[in-house]
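Taken from Swiss-Prot as is:
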DOMAIN    4-90  domain 'Disintegrin'
BINDING   Val6, Asn9, Leu11, Glu13, Glu16, Asp19  Ca(2+) 1 binding site
DISULFID  Cys7-Cys36  disulfide bond
DISULFID  Cys18-Cys31  disulfide bond
DISULFID  Cys18-Cys36  disulfide bond
DISULFID  Cys44-Cys50  disulfide bond
DISULFID  Cys69-Cys101  disulfide bond
DISULFID  Cys69-Cys94  disulfide bond
BINDING   Asp70, Pro71, Glu73, Asp85, Val86  Ca(2+) 2 binding site
DISULFID  Cys94-Cys106  disulfide bond
DISULFID  Cys101-Cys106  disulfide bond
DISULFID  Cys114-Cys164  disulfide bond
DISULFID  Cys129-Cys175  disulfide bond
DISULFID  Cys152-Cys159  disulfide bond
DISULFID  Cys164-Cys175  disulfide bond
Amino acid sequence: IISPPVCGNELLEVGEECDCGTPENCQNXCCDAATCKLKSGSQCGHXDCCEQCKFTKSGTECRASMSECDPAEHCTGQSXXCXXDVFHKNGQPCLDNYGYCYNGNCPIMYHAQCYALFGADVYEAEDSCFKDNQKGNYYGYCRKENXXXXXCXXXDVKCGRLYCKDNSPKQNNPCKMFYSNDDEHKGNVLPGTKCE
């Protein structure tokens, strides 16, 4: 059962141009609370590209860039809504060729992924640590297939479990790994990482 639209419930429903609540409570200068239609001369009532009841000027940024792979979006000047969030194509080089774009991010090995798991003084381990990913067991693998660990090919050893070097005085662990019983993928190299 679909209930009919109700003007004044602060929900934008079919047939309404705006809905700012009851006439007593409406705080939107662009909207006629009694009819849920825009007032005369108003182009819009709300949204990221609506300012003082008019569409925001074309080219005005409405969504900031979150990374090199996620460009900022801008108002079109023809709509109250911000343009759809788009990313650079997956596989496009980023961060001076250290990584590839993947779903709007630029995941790289180096310090960032180890830091996120373990904190300061932890860096990407030596290449020799990653060779364990060829074993295809609980400690080293590339991916899971039917709950079984599948080994990495020699060329892909840096695409599986993430090995970090802990330089802190108490640890001094050259091949540190992260284990999680809640998330079996946590502790793996992030998807999309340039793992050469």
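Glycine is treated like the rest: Cβ placed from N, Cα and C.
Model, not experiment: these values are computed from the prediction.
Locations of recorded Swiss-Prot features on the structure.
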residue	record	contacts (Cβ under 8 Å, 6+ apart)
Glu13	Ca(2+) 1 binding site	Pro5, Val6, Asp19
Glu16	Ca(2+) 1 binding site	Pro5, Cys7, Cys36, Lys37
Cys44	disulfide bond	Cys30, Leu38, Cys50, Cys53, Lys54, Phe55, Unk80
Cys69	disulfide bond	Phe87, His88, Gln92, Cys94, Cys101, Tyr102, Gly104, Asn105, Cys106
Pro71	Ca(2+) 2 binding site	Ser65, Val86, Phe87, His88
Cys114	disulfide bond	Val122, Tyr123, Glu124, Leu162, Cys164, Lys165
Cys152	disulfide bond	Asn133, Gln134, Gly136, Gly140, Tyr141, Cys142, Cys159, Gly160
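Remark: Cys18 (disulfide bond) has Leu12, Asn28, Cys30, Cys31, Asp32, Cys36, Lys37, Leu38, Gly45, His46 as non-local neighbours, by Cβ distance under 8 Å and separation of at least 6 in sequence. Put plainly, the recorded positions Leu11, Cys36, Cys50, Cys175 were compared by Cβ crowding within 10 Å, and the winner is Cys36. Each of the recorded positions Val6, Cys31, Cys101, Cys106 was scored by the number of other CB atoms within 10 A of its CB, and the lowest score belongs to Val6. In this structure, Cys114 (disulfide bond) is part of a helix by DSSP. Averaged across the domain 'Disintegrin' (4-90), the predicted model reaches a pLDDT of 95. When Cα-Cα distances from Leu11 (Ca(2+) 1 binding site) are compared across the recorded positions Asp70, Glu73, Asp85, Cys129, Cys175, the shortest belongs to Asp85. Cys129 (disulfide bond) and Asp85 (Ca(2+) 2 binding site) are 39 Å apart (CA-CA, integer value).
On a Cα basis, Glu73 (Ca(2+) 2 binding site) lies 31 Å away from Asn9 (Ca(2+) 1 binding site). The binding-site residues listed here are Asp19, Asp85; among them, Asp19 has the most other Cβ atoms within 10 Å of its own Cβ. Mapped onto DSSP helix, strand and coil, the domain 'Disintegrin' (4-90) counts 0 helix, 15 strand, 72 coil. If you take the Cα of Asp70 (Ca(2+) 2 binding site) and the Cα of Cys129 (disulfide bond), they are about 33 angstrom apart, rounded to a whole number. Around Glu73 (Ca(2+) 2 binding site), the same-chain residues at least 6 positions away in sequence with a Cβ under 8 Å from its Cβ are Glu61, Cys62, Arg63, Cys82, Unk83, Unk84, Asp85, Val86.
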